[in-house]
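Here the structure is laid out as structure tokens; the discussion comes afterwards.
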Amino acid sequence: MSGPVPSRARVYTDVNTHRPRDYWDYESHVVEWGNQDDYQLVRKLGRGKYSEVFEAINITNNEKVVVKILKPVKKKKIKREIKILENLRGGPNIITLADIVKDPVSRTPALVFEHVNNTDFKQLYQTLTDYDIRFYMYEILKALDYCHSMGIMHRDVKPHNVMIDHEHRKLRLIDWGLAEFYHPGQEYNVRVASRYFKGPELLVDYQMYDYSLDMWSLGCMLASMIFRKEPFFHGHDNYDQLVRIAKVLGTEDLYDYIDKYNIELDPRFNDILGRHSRKRWERFVHSENQHLVSPEALDFLDKLLRYDHQTRLTAREAMDHPYFYPIVKDQSRMGGSNMPSGSSTPVSSASMMSGISTVPTPSALGSLAGSPVISATNTLGTPVAAAAGATQ
């Protein structure tokens, strides 16, 4: 049997082909290290698979920052994250990498980021209005269209990686640890993204995917927000994940997708997939979520959650969808800004990387900036005494 049919991104296909090699050749990247003594850790914010995250103070200017201390992984992966963050620095709603230092204790790299006053997404998502959802989805799309236009796929879009400072209506797309450069025809690792947000291409082991993977993940986020069902596709493992998707999108379109790309399905699916009809999106509407759902929301969702990655809306196409007309109208009226002028303060992250367990924040830590504890000598490797209650 011949292999799978190749696929190419519909947009930004050759971005990296036309860039100089040092733009995407992250393995050859030479990291410029900052001074770790500039930062004092205040409290632990959380931990994930690949890192531990702290709130810290930059003692040279007294500004709050977030420090992500990377766990020992391949140097290549660390360089990739750094190169991507440097390439994207200054882009709309992309978390700003402020510095790179070495943790003096572990000798592992630590990434220093702007600070985001984040609201826990599980609490926040339950309070958002229809307009809020449109607004924040549009802000995520700005970040995605930008990174895609720069030849980069995020590959881990999920609520944990979207920091929202709701008070200032500020959003940042964070955790670029799984992000990768797109090269047409390249086969990528399918062990990316988090289960509930994995696109069908990953679940059927199709490796020649592209930016459109991020659009599926965004669709999962949208569905969970408008239907108030978190997560929307709740699989117990990667195989069950595809079954959950098939129970909504139907098995007929799944088999069309498999046939189109000549994909060989894992035999484990034979006993679990069954036959399912395509469900109408309206069936997920009920009295508790109907105020968040509109015909244009369902049309938009339908154009994101497609098996065939080539038929999903691109980020730019998504921004032009009628669902966002009220947002576009307001932003053009306000000159493209999403808030009053003068509020360009940097955005605290409660979850600076994938799968992190959030740590409760003691209220006493609210205004540590001027406290004597901070001015005590506290280098990057040693959390301050006042923060002891915030560590796990």
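Even glycines carry a Cβ here, placed using N, Cα and C.
Fair warning: this is a prediction, and the values are worked out from it, not measured in the lab.
According to its DSSP assignment, D156 (active site, proton acceptor) is coil. The active site, proton acceptor annotation in Swiss-Prot covers D156.
Just so you know, the Cβ of V53 (ATP binding site) picks up 27 other Cβ atoms within 10 Å once every protein chain is counted. The feature ATP binding site is assigned by Swiss-Prot to L45, G46, R47, G48, K49, Y50, S51, E52, V53, K68.
Sequence annotations record features per position, and here Swiss-Prot assigns compositional bias 'Low complexity' to 337-354.
According to Swiss-Prot, the domain 'Protein kinase' annotation covers 39-324, on the basis of sequence analysis.
Annotated region 'Disordered' per Swiss-Prot: 334-355, in sequence order.
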- [ ] Using the structure shown, find which entry in R47, K49 (the binding-site residues) has the sparsest Cβ neighbourhood within 10 Å.
- [x] K49
TODO: Quick one: of the binding-site residues R47, K49, S51, V53, which has its CA closest to the CA of D156 (active site, proton acceptor)?
DONE: K49
